[in-house]
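Asks: First the structure, which I've put down as structure tokens, then a few questions once you've had a look.
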Protein chains: 2
Amino acid sequence: MRILSSQVAEHVGETVCVAGWLHRVRALKSVTFAVVRDRAGLVQVVAADAELVKRLGELPEETVVEVEGTATANPQAPGGVEITSPVLRELSDPALTPPFDIYRPVVTAALPTVLDNAAVTLRHPRLRAPFEISAASVSGFRGALEGLGFTEIHTPKVVSSATESGANVFKLDWFGRNAYLAQSPQFYKQTMVGVFERVFEVGPVFRAEPHDTARHLAQYTSLDAELGFVTDHRDVMAVVRDAVAGMVAAIAERAPAAVELLKVELPEVPAEIPSIHFADAQELLARETDEDPRGEPDLAPAHERWLCDWAVREHGSQFLFVTGYPMAKRPFYTHPDPERPEFSNSFDLLFRGLELVTGGQRLHRHSDYLAALAARGESPEPYAGYLAAFAHGMPPHGGFALGLERFVARMTGADNIRWTTLFPRDLHRLTP
Amino acid sequence: MRILSSQVAEHVGETVCVAGWLHRVRALKSVTFAVVRDRAGLVQVVAADAELVKRLGELPEETVVEVEGTATANPQAPGGVEITSPVLRELSDPALTPPFDIYRPVVTAALPTVLDNAAVTLRHPRLRAPFEISAASVSGFRGALEGLGFTEIHTPKVVSSATESGANVFKLDWFGRNAYLAQSPQFYKQTMVGVFERVFEVGPVFRAEPHDTARHLAQYTSLDAELGFVTDHRDVMAVVRDAVAGMVAAIAERAPAAVELLKVELPEVPAEIPSIHFADAQELLARETDEDPRGEPDLAPAHERWLCDWAVREHGSQFLFVTGYPMAKRPFYTHPDPERPEFSNSFDLLFRGLELVTGGQRLHRHSDYLAALAARGESPEPYAGYLAAFAHGMPPHGGFALGLERFVARMTGADNIRWTTLFPRDLHRLTP
């Protein structure tokens, strides 16, 4: 009966069986040390038997083995325990040598090598760790929203028209008809507010992003939520706060080894995240920095960074909501600020210098949708299925979206989103 | 401060505020009853005020309203409570009339009408209920697997070659190159056994299914799992059992109203689900029925139904594993039965007459993959990224897949999988 490497210490003096990958073999004069890696960590195996020493000398690292032996306390061994008098059985063919040494604590390969050889390189504990944080994050997201009465939905990833932005969509042959990969579940999640009031979805979205940057992917995992019966965007921001707090708490609880290995500094999520209006943020930047961004329709990356530093100084928070972005830069379904209709009831959540979440209140009256589309010179026809929801009665609502890979990149300090994506898809990369 | 319809009874004598859709308006001689529907259910509002009675007479059903009034006990009212002396505020434009009456207990529309008008028809409690069961099922699946040490992954839905089956794939323009929608996460989940040992994924899969049947969709939600260090397929079957038990338990716990409304008979999941070998199943059918399927490479639908009835009679179980399907009908990565290599270490889980889960042990030696592909006359070249995992050392492993919409259809007794899919995609349907 196999036990995990982390359980060996509980069985000192007993015969135990572990199984995993031959992480490292080191031959000394009289004995050979073999380190076996499984999903829980590493355990040292000590071979003194001449025949086994010889076999171990011939077995390539990454070969899969099962080892039965005696769990023996040894303060010198990693974890204070090792397996002695081992009997070893190979479970795979002898393994091909990885493109870099998986057993070294640091990753000596560059990103393209890591991605080209993901099947083996992601076995490196440092390269695997972001995905443990990713899994914990999603679990925390779902747990927080389920606790708030949200229902999980699954919506189509293939749609009939290239709506919303028009550009950057992937075109598809759908039984001889043109179709497109969905850029977001936006229309569907709004529609489903009419059915469930509060919905969330975790799923892939597709952007035919022609730029090759460290922050963009052609497929990523979007964490989407939408809720009805809001007063305005601030009700949505309260849910964002709880979702992000749930994600951070889940990382701490479910992925402590990854947090430690990557030295992740998990942020405090304030009970109420500080917020600043877009116009006030511009005033602040004009007053406190050398630049005057007033009149610009959006914040520059440098301004987002400055505002994040300001939020830490002023509010002791690594998170900052910027609200009220100008309507001009937001999609047609955005709800204006009733008091100042050139600004919107929208927000971005900034974290450590970058935008992490985008959201806001949406229009909910059918007549407002027709007017908004007309104002942009767009026909309502391609939006028929979406507009039907509003024609049939929809409450004031809003929602948000958070890119999972970007969230994990921010948490782990990764300099490229591809470090936090299992098999990235982009302009150049369609394999493995 | 809004409360839900289900909470009104806790506030008898107090002023309460509810909000939702105007489900039904009934004008009697002296008073008008308005039933408001929210995500928790229905609540009756009694209007006696002449002006309000007039307004209610003009408001179409499905208009979104907010109602403030006194929670008043009334044994005659649904739930024993109603809202009196109401003040009503409209939250949406007056609603367009739905294609059928949402307020009637039975659904009077046919499936195409329901699907064409999903934005409003799914608000019917009977049509919404399957999706509450769906959300609970997925939550139970994840909970069971997380409890067993599985890590959630997210894999590419766009791939570079049309592998696995070759047919039935959707072709895509990927920045000017040919690409294909992924038919399953099979190759990726196997590869990730090399990294995490135990993985699962909940995500869309795409089949360019040219047949228009009640059981097939072009996009569905696949619940996939894969685990390493198995002895054979029976270790996988034990995980299937726990996953399905977790799903059924979660339905009971998280969607009791939907279960009651649809009169779902939740099955018992035995601690060990009975199993029968494919060859023994054929013998049994030959002996006990008028047909002799021996020599056939697969079970006919009628045989699956007969075997399910047999499992209920013989084992008191609505679930039955059929194991050891002939290798000829299984994909190239299937592990043969070492004792009888014409049979495979695979299984189907049958439930109420239909296949619910397919799974099995996979090949894990690189040399076996090369041999299996050669035997089928296939080049290893398009599989390079996948085969790399085995070249670098993979443990014995296996896994399974379960279609969410089909699972919910089986649980709810739906006669068409489209009743359990929010926005189905098929040969004909690409909207809404």
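Cβ atoms are placed via backbone N, Cα and C, with glycine included.
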Asks: Which of A:Glu253, A:Glu260, A:Glu355, A:Glu378 does TrEMBL put in the same ATP site as A:Arg207, A:Ala208, A:Glu209, A:Arg215, A:His216, A:Leu217, A:Gly403, A:Leu404, A:Glu405, A:Arg406?
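Replies: As annotated by TrEMBL, A:Arg207, A:Ala208, A:Glu209, A:Arg215, A:His216, A:Leu217, A:Gly403, A:Leu404, A:Glu405, A:Arg406 share the ATP site with A:Glu355, chosen from A:Glu253, A:Glu260, A:Glu355, A:Glu378.
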Asks: In TrEMBL, which of the ranges A:2-5, A:142-145, A:150-153, A:186-189 has the region 'Aspartate' annotation?
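Replies: The range carrying the region 'Aspartate' annotation in TrEMBL is A:186-189.
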Asks: Given the recorded positions A:Pro78, A:Arg207, A:Glu209, A:Thr358, A:Leu404, which pass a C-beta cutoff of under 8 Å against chain B? Sequence order please.
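Replies: Answer, by Cβ distance to chain B: A:Leu404.
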Asks: For A:Leu404 (ATP binding site), what is the secondary structure by DSSP, using just helix, strand and coil?
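Replies: The three-state answer is helix.
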Asks: By a simple count of other Cβ atoms within 10 Å, which of A:Arg207, A:Arg362, the binding-site residues in the record, is least packed?
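Replies: Comparing Cβ neighbour counts within 10 Å for the binding-site residues A:Arg207, A:Arg362 gives A:Arg207.
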Asks: When a 10 Å sphere is centred on the Cβ of A:Arg406 (ATP binding site), how many other Cβ atoms does it contain?
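Replies: The answer is 23.
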Asks: Could you tell me which three-state DSSP class A:Pro78 (site 'Important for tRNA non-discrimination') falls into?
Replies: helix
Asks: Of the recorded positions listed here (A:Pro78, A:Thr358, A:Arg362), which is spatially closest to A:Glu209 (ATP binding site) when Cα positions are compared?
Replies: A:Thr358
Asks: Starting from A:His216 (ATP binding site), work out which of the recorded positions listed here (A:Pro78, A:Arg207, A:Thr358) have their Cα within 10 Å, and give them in sequence order.
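Replies: Taking A:Pro78, A:Arg207, A:Thr358 one by one, the ones whose Cα falls within 10 Å of A:His216 (ATP binding site) are A:Arg207.
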Asks: Measure the Cβ-based neighbour count of A:His216 (ATP binding site), defined as the other Cβ atoms within 10 Å of its Cβ.
Replies: 16
Asks: Could you measure between A:Arg406 (ATP binding site) and A:Arg362 (L-aspartate binding site) for me? Cα positions, answer in whole angstrom.
Replies: 24
Asks: Please tell me which one of the recorded positions listed here (A:Pro78, A:Glu355, A:Leu404) sits closest to A:Arg207 (L-aspartate binding site), measuring Cα to Cα?
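Replies: So, of the listed recorded positions, the one sitting closest to A:Arg207 (L-aspartate binding site) is A:Leu404.
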